[in-house]
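TrEMBL has this to say about the protein:
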| type | residues | note |
| --- | --- | --- |
| TRANSMEM | A:54-72 | transmembrane segment |
| TRANSMEM | A:79-98 | transmembrane segment |
| TRANSMEM | A:104-131 | transmembrane segment |
| TRANSMEM | A:138-155 | transmembrane segment |
| TRANSMEM | A:175-196 | transmembrane segment |
| TRANSMEM | A:226-245 | transmembrane segment |
| TRANSMEM | A:257-276 | transmembrane segment |
| TRANSMEM | A:283-305 | transmembrane segment |
| TRANSMEM | A:311-329 | transmembrane segment |
Amino acid sequence: MSSVMTSAGAVARHRLFWPIVALAVLLLACVLKSSTFLDITIRDGHLYGGPIDILRRSSVLLLVALGMTLVIATRGIDLSVGAVMAIAGAVALSQIAASDNPESLAVVLSAIGSAVLVCLLIGVFNGFLVAVVGIQPIIATLVIMTAGRGIAMLITGGQITTVTSAPYKTIATGYWLGLPVAALIAGFFFLAMALITRRTALGVLIESVGINPVASRLAGVRARTIIWTVYVLCAFFACVAGFIRSSDIMAADANNAGLFIELDAILAVVIGGTSLAGGKFSLVGTLVGVLVITTLTFSVTILGIPANAVSLFKALVVILVCLLQSPVVRHKLRARRRATAPAPVEVPA
Amino acid sequence: MVSNMFRKRSMAAGIAVLALGLAACAGGDSGDGETAGSGGGDEGDLISVGFSQVGAESGWRAANTKSIQDALTEEAGFDLSFSDAQQKQENQIQAIRSYIAQGVDYIAFSPVVESGWDSVLEEAKAADIPVILTDRAVDSEDTSLYVTFIGSDFVEEGKRIGEWVSENLGTEPINVVELQGTTGSAPAIDRKTGFEDAIEGNDNISVIASETGNFTRAEGKTVMEGFLQAYPDIDVVYAHNDDMGLGAIEAIEAAGKVPGQDIKVVTIDGVKDGMTALAEGKISYIVECNPLLGPDLAEIIKTLEEGGTVEPRIVTKDEAFDQEGAKAVLADRQY
């Protein structure tokens, strides 16, 4: 009996408990409103339904938040991700639009290749400012955040570049093995990073740099290289997210692609339990954070919340989750529970 | 050492910025001088115009921008300062203030949202700079704050869409979902009202959902995906602009339905991408909203410059297209 209560308490104390509860409540609300919401059917040879839409919609934010988690773990922050997304779309689509044969796979691949190159350069630039020059990350990445959209505008000539290209369209709207390609791409990079950070020393090195850069450097960790690496990775993931976003609408919208996504990504990381002070990070936590935010956005439409109340609704949910997660509130809640019921014996971890 | 160098550099940069600011002020002062008519001073007989655009949120806006830039050229006797507000009112207010400080001859702008313009427009009035509203209106009670408002009648546009839906599709019970423009913007409010007015008498039509898609393709698609999940029996999508309609078409196709057959899409604007979709039958009906305001704006300014007066409200001529009409005009569509 007491062991059951203890383990229930442990579950409730887990830092992902409240985000997962929020996710479940949002999904439940959607099901109550539209009973077929969670149904997955096969349509045109691929899976179709609410959960599949959420997975596909999550892919962009997941990629951006993945890079952001690593950057935040080193005590950094990357505000330039939204602008990098816009640049990725602008470079890729303007090349495809300028080519003679937009339907050819080779053209699409070379366009993607050059966009990746540009984004990697931006990552190197960000990393250089932070790791070598020693500018504070929030300032260093602000440069590209503001200038980046201007660069994207220059590339597209101030227009919204629209193209028709079946291979490029596959990135966001295609299906493979019945699943959306976008979700598969994001899932692949997520698993790859989870494996690399946990099966090699990279994860520990990132955390040590985040906890104390000086001490880790003195202990022989190449802090500069690690920091540089995470900014390049972050720019790369933002670039892939930019492909998915632009492929989704088959247009490069320099002004709106990935606008404010840096804030959503930071929020996802924080909901996932990674501290902005750096150090310990959790990719699974970030995944949960991303799902909460995407489902929240999605539920607005399903629940039919009036357009001018959308921001308020989102804010309330996010504040609630953050409050329930905060150590002070959790401590108070626990104290109250103890006062009413005899406390279970604390088991040392 | 590095930080030291940076301190020096940033100081140098700061000084440079200060110097620029001073130069700008100096320019403004000369403009404020005895002839408010000759603005920038060194340009002599050119009419200086400050234009603050909403942003580049849609294909329509891009066409609108191009039309204005092509009409207010130096050859035509204008010195155009153009700024992009990136869909933020504060940017626009800032731009207008800086035009006032520069002492331009005329200010023209398309307000991002309807309200909150009184104080900056009063500043313009105090500086004797005539203000022309293009494309979108403001809700200021004091109409002396601007000379004229040139643009389409958004209520009328919504009404024409509503009438078409009512006559052609409303013969049997249908469910309509609405993709609104930017919350609080004049076209979003008016196009919604016009549509509601037009379908009021027809009990067959019920608007089952209405969300904002912010006039962008991406958000139009996201919102439509949600609609398709929440409401299994949608017959018509009414999008406040072409781009959101195009996004909705993507979502409809992804759901395995055929736009134009299973779900009909009606939109407002008539940009090239929208007209193409109309010719392909994916969109069923488009009411045009003419973006080519540049020549009209140039004419208004010339008239005012010669001491003439203009009507306080100038409505541009809008057409409406069905599939056949779109095919006919698509070839020589400039935007």
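Cβ atoms here come from the backbone N, Cα and C positions, even for glycine.
Just so you know, TrEMBL annotations are computer predictions that nobody has curated.
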Item to check | Other parts of the chain folded back onto the transmembrane segment (A:175-196), taken as Cβ under 8 Å at six or more residues beyond its ends | outcome: 42, 45-47, 52, 55-56, 58-60, 62-63, 66, 70, 202-203, 233, 237, 240, 244, 247-248, 283-284, 287
Next on the checklist: Restricting to CB pairs under 8 Å, which listed stretch, A:79-98, A:138-155, A:311-329, is in contact most with the transmembrane segment (A:283-305)?
Outcome noted: A:311-329
Next on the checklist: Tell me whether the transmembrane segment (A:257-276) sits in contact with the transmembrane segment (A:104-131), defined here as at least 3 Cβ pairs under 8 Å among residues 6 or more apart in sequence.
Outcome noted: no
Next on the checklist: Can you tell me which recorded stretch out of A:54-72, A:104-131, A:138-155, A:226-245, A:311-329 has the most Cβ pairs within less than 8 Å of the transmembrane segment (A:79-98)?
Outcome noted: A:138-155
Checklist entry - Short question: which residues 6 or more past the ends of the transmembrane segment (A:104-131) have a Cβ under 8 Å from it? => result 76, 78, 80, 84, 87-89, 91-93, 95-96, 137, 140-141, 143-144, 148, 165, 167-168, 223-225, 227-236, 238-239, 242-243
Checklist outcome for this item: For the transmembrane segment (A:226-245), the distant same-chain contacts (Cβ-Cβ under 8 Å, at least six residues beyond its ends) come to 59-61, 63-64, 66-68, 70-71, 73-74, 76, 78, 80-82, 84-89, 92, 112, 115-116, 118-120, 122-124, 126-128, 130-132, 171-172, 182, 185-186, 189, 193, 202, 205-206, 209, 213, 257-258, 261
